[in-house]
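As given in Swiss-Prot:
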- His136: active site (ACT_SITE)
- Lys157: active site (ACT_SITE)
- Asp175: active site, proton acceptor (ACT_SITE)
- Arg240: active site (ACT_SITE)
- Gly151, Glu152, Ser153, Gly154, Ile155, Gly156, Lys157, Ser158: ATP binding site (BINDING)
- Ser158, Glu199: Mg(2+) binding site (BINDING)
- 261-266: region 'Important for the catalytic mechanism of dephosphorylation' (REGION)
Amino acid sequence: MGVLVKKLIDDLNLEVLVEGKEDVEISVNDINRPGLQLAGFYNYFAPERIQVIGKAEWSFLDYMQIELRKKRVKKYFSFDINCLIITRGLEPHPEFIKEAKKHNIWFVRSNLVTTQFISKTTIYLADKLAPETRLHGVLVDVSGIGILITGESGIGKSETALELIKRGHRLVTDDAVDIKDIDGQLIGRSPKITVGMLEVRGLGIIDVTTLYGLSSVVQEKEIRLVMHFEHWKDDNDYDRLGIDNEYMNILGINVKKLTVPIRPGRNIAVIIEAAAVNYRHALMSKITPVDVIENRMNELND
């Protein structure tokens, strides 16, 4: 699914010089500056990219003889271009207006410096075109680590999130987690309709922002750890040493997963806090608690 050029124009507040087709989409987040094409070189030209004319391209065209410029611009517009953008608020050469109208191609203008515009647009497209999915769960920011809590309905995910919020951590989203793969990072967000809301059985929906302040909710967070809740089963052999590596695959990316057995009396919020701190420690140190115990045992045996 691409991004409609019209939506890009609205979102980036661009000035329309020539309107194109309503249904034209952008399907790649790369950007092309057509200096080589305007010089007559079309090998490896990618017309499916957004085309951006900056000060350098504009100056090159300005020094060009009018007849040659008409010829080059006509050739350039013979390709299936989805969108052409001129930056710095520059006044376009009349040949561009004429050919854009002739071929019904979007031609718009930005007042930003070219490098700033390209950077802003690349980030925008990377977000809009990123692979995405929606999972059932709760996403919280615990000590700076994004933790996705999963498990069957009614097992206590939202109640645990509420306890974590009370302890100074932050909610990203409850019940539905929208996840995008942006440059290899899984970024989780809340659907717009439920931002800042938390559903607690027996209490109903509460507005976390109103009750606990603006700092209790964060707009998005990279998912670094998955904690899966399941009812305690006596016959299950749960990991007690932290040496079993289990992962959850989300959009083709493996995320470390911990299974937390739930039963009355266990303080799950404290366990999640410990998991977050332990995860951060593991990123900074190659020595695990198991290694420490083994070293102590070896010292005692010597």
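Backbone N, Cα and C atoms are what each Cβ position is placed from, and that goes for glycine too.
On a predicted model such as this, the values are computed, not experimentally measured, just so you know.
Feature map: annotations from Swiss-Prot on the structure.
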{"residue": "His136", "record": "active site", "CB count, 10 Å": "12"}
{"residue": "Gly151", "record": "ATP binding site", "CB count, 10 Å": "20"}
{"residue": "Glu152", "record": "ATP binding site", "CB count, 10 Å": "11"}
{"residue": "Gly154", "record": "ATP binding site", "CB count, 10 Å": "9"}
{"residue": "Ile155", "record": "ATP binding site", "CB count, 10 Å": "18"}
{"residue": "Gly156", "record": "ATP binding site", "CB count, 10 Å": "18"}
{"residue": "Lys157", "record": "active site", "CB count, 10 Å": "25"}
{"residue": "Ser158", "record": "ATP binding site", "CB count, 10 Å": "22"}
{"residue": "Asp175", "record": "active site, proton acceptor", "CB count, 10 Å": "17"}
{"residue": "Glu199", "record": "Mg(2+) binding site", "CB count, 10 Å": "14"}
Per-state residue totals over the region 'Important for the catalytic mechanism of dephosphorylation' (261-266) - DSSP helix, strand, coil:
0 helix, 2 strand, 4 coil
Asp175 (active site, proton acceptor) - helix vs strand vs coil (DSSP):
strand
Based on DSSP, name the secondary structure state of Gly156 (ATP binding site): helix, strand or coil.
coil
Could you state the CA-to-CA distance between the residue listed as 'active site, proton acceptor' and His136 (active site) to the nearest Å?
6
Gly151, Glu152, Ser153, Gly154, Ile155, Gly156, Lys157, Ser158 excluded, remaining Cβ within 8 Å of their centroid (ATP):
Phe229
Pairwise CA distance, Glu199 (Mg(2+) binding site) versus Gly151 (ATP binding site), rounded so that it is a whole Å:
15
Do you know offhand how many angstrom separate Gly154 (ATP binding site) and His136 (active site) by C-alpha?
12
